[in-house]
Amino acid sequence: MDRKIFSYWFVSCLAIFLFNDFVSSFPSGYTNGYSNGHGSYGISTSNLDYRFYDRSCPRLQTIVKSGVWKAFKDDSRIAASLLRLHFHDCFVNGCDGSILLNDSEDFKGEKNARPNKNSVRGYEVIEDIKTDIETSCPLTVSCADIVALAAREAVVLTGGPFWPVPLGRRDSLTASEQAANTNLPSPFEPLANITAKFVNLGLDLKDVVVLSGAHTIGFAQCFVFKHRLFNFKGSGQPDPNLAASSALLSKLTDTCPNVNSSDSKLAALDAASSVKFDNAYYVNLMNNVGLLDSDQTLMSDSTSAALVKSYSENPYLFSRDFAISMIKMGKIGVMTGSDGVIRAKCGFPG
């Protein structure tokens, strides 16, 4: 057996073994949440299976891995975008691929919701992967599962942890702009509000801290944090935390001058390692230089601050907990069995 293939197989099997206790801790059919009209809106393990496509589409994971790698070679930012795409999908009516749907005569989709418009990326990468999969396994693999697998591959490509992705999700027939506007956490919200949105989905404060660590890669548009540079809380002055780091403040104000035309410019969420998945994000928070309000506010609560400290000191602990939280998030509101559909194209419900 080729050594590279054996290595990947061994790591995959080892990861499944290590996470088996966590996955089996949720009894079959367990849900925690409320109905969204097409399945449970909370964490569920019902009918998801790590080997769901082993017979029906044995090349699935290879195709997804190849598709993400091709996109990443052309655009290193796409790794963070694919991870964010999975997050934004799961937080709106569950992990059902609804974020991929274009607007139709029957509904206004999620692509143009306030948190997503001109912000969420990666739709075309998922569609390209779906096209390749359809060639090998027609009408077999859901777009929701492709999004979940692509997020994992994006993290691994940037040096982050591998985790086994349970599969068997089905795709939704509809999407909701209103639900996206309501359910997705905002970078301007206080920690209590953000945590409440996580708890509503069966997650908790630890998941807030862990999944926020995804901001170790990627970029933010200037309008999201520019108030911290020039007019923090109406003071006409920068946020004292950022001002304490004159070099960082100077760099950010150069990137994001106080003019409207700079709103869509980009700054790294983690300037130390914007394309490397590591624990530097938490080191930044310990130094009071988190870029977004929703990042630095993790230090405002004793419980979340203690977790930040632990992750800043122990990258292996962060990697382990991130993988666990991603598995949990990937089970929010899933449809399985005869619920939902398998889309032929991810942007269209039919």
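Cβ coordinates are placed from backbone N, Cα and C, and glycine is handled just like the others.
For Cys57, the disulfide partner recorded in TrEMBL among Cys13, Cys137, Cys143, Cys222 is Cys137.
Of the cysteines Cys90, Cys95, Cys143, only one is given by TrEMBL as the disulfide partner of Cys346: Cys143. Taking the Cα atom of each, Gly94 (Ca(2+) 1 binding site) and Arg84 (site 'Transition state stabilizer') are about 14 angstrom apart. Mean model confidence for the domain 'Plant heme peroxidase family profile' (47-350) is a pLDDT of 96. Ranked by how many other Cβ atoms sit within 10 Å of their Cβ, the binding-site residues Asp89, Asp96, Glu110 place Glu110 at the bottom.
Distance noted between the C-alpha atoms of His88 (active site, proton acceptor) and Glu110 (Ca(2+) 1 binding site) is 9 Å.
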